[in-house]
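Positions annotated as ATP binding site by TrEMBL: Gly9, Pro10, Ala11, Ala12, Ser13, Gly14, Lys15, Gly16, Thr17. Look at TrEMBL and you will find 5-198 tagged as domain 'Cytidylate kinase'.
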Amino acid sequence: MGFLIAVDGPAASGKGTIAAKLARLYGYPALDSGLLYRAVGVRLLAEGGDLSDVAAATAVARTLDPAELEKPEVRTRAAGEAASRVAIHTPVRECLRDFQRAFAAQEPGAVIDGRDIATVIAPWAPAKLFVTASPEVRAERRWRQLTAQGEAVEYADILADIRIRDERDSGRSDSPMVRADDAVLLDTSEMTIDGAFDAARRIVEAARANWSGN
Ligand SMILES: Nc1ncnc2c1ncn2[C@@H]1O[C@H](COP(=O)(O)OP(=O)(O)O)[C@@H](O)[C@H]1O
Ligand SMILES: Nc1ccn([C@@H]2O[C@H](COP(=O)(O)OP(=O)(O)O)[C@@H](O)[C@H]2O)c(=O)n1
């Protein structure tokens, strides 16, 4: 198994940004695991399905095509909400698990960001970060991001979304969002993107120095 960097954390904490930069730094492939759940939610809704219909959501997860992760629709506010609603279904998570585990194990290394990478997908990961920030800061970042993408959204509504999603993601019974005991907490509330990346890089370098692999 390679040097896997697991980057977990709540919505809009900056974990994807950090994961992408670490992947570039080390020359590893990166997987944004949230896109898998977003793509399931988006297709289910497009087919007129119900997000609480476990069988229908599982059928979509089983037939997910990588091209669906590239669609701009998976990056919308509604897709984030839909993702967290299909992500509570155990059979949906099971359908997506093998792909993530195979991605995680590749040599010489990989970076995956999500909610349960360090706890469920790859507890063996040599480097684990739990990236967070206050709900207000995350809402501000998500509001800016969605506005820049052309979505008309209000800050107050995005803050409410963030709070609901935090509760749903950390309260579900299967693979809840939680910091792994051995994951390093990185609170980016007061950090710039460069500052957060620098802190993440130092955490990963320390983990690499302790790693018994190549
Ligand atoms: N430290 C930071 N300071 C300001 N903006 C940030 C920071 N980290 C990320 N962002 C921005 O916030 C938004 C959400 O970041 P992203 O990495 O997609 O979060 P996540 O993957 O946790 O949902 C993006 O537009 C990103 O550019
Ligand atoms: N490894 C993962 C990744 C995402 N998810 C779910 O998918 C949703 C969307 O994830 P995301 O990472 O794209 O969300 P943001 O953090 O970008 O808003 C989350 O709210 C989780 O419910 C998950 O359950 N497990």
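Just so you know, glycine gets a Cβ as well, placed from its N, Cα and C.
Positions of TrEMBL features highlighted on the structure.
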{"residue": "Gly9", "record": "ATP binding site", "Cβ neighbours (10 Å)": "27"}
{"residue": "Ala11", "record": "ATP binding site", "Cβ neighbours (10 Å)": "25"}
{"residue": "Ser13", "record": "ATP binding site", "Cβ neighbours (10 Å)": "28"}
{"residue": "Lys15", "record": "ATP binding site", "Cβ neighbours (10 Å)": "28"}
{"residue": "Thr17", "record": "ATP binding site", "Cβ neighbours (10 Å)": "19"}
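Shown in sequence order, Ile18, Asp113, Val131, Thr132, Ala133, Arg138 are the same-chain residues outside Gly9, Pro10, Ala11, Ala12, Ser13, Gly14, Lys15, Gly16, Thr17 whose Cβ sits within 8 Å of the Cβ centre of the ATP site. For ligand 2, there are no nearby binding-site residues; that is, of Ser13, Lys15, Thr17, none has a C-beta under 6 Å from one of its atoms. When pLDDT is averaged over the domain 'Cytidylate kinase' (5-198), the result is 98.
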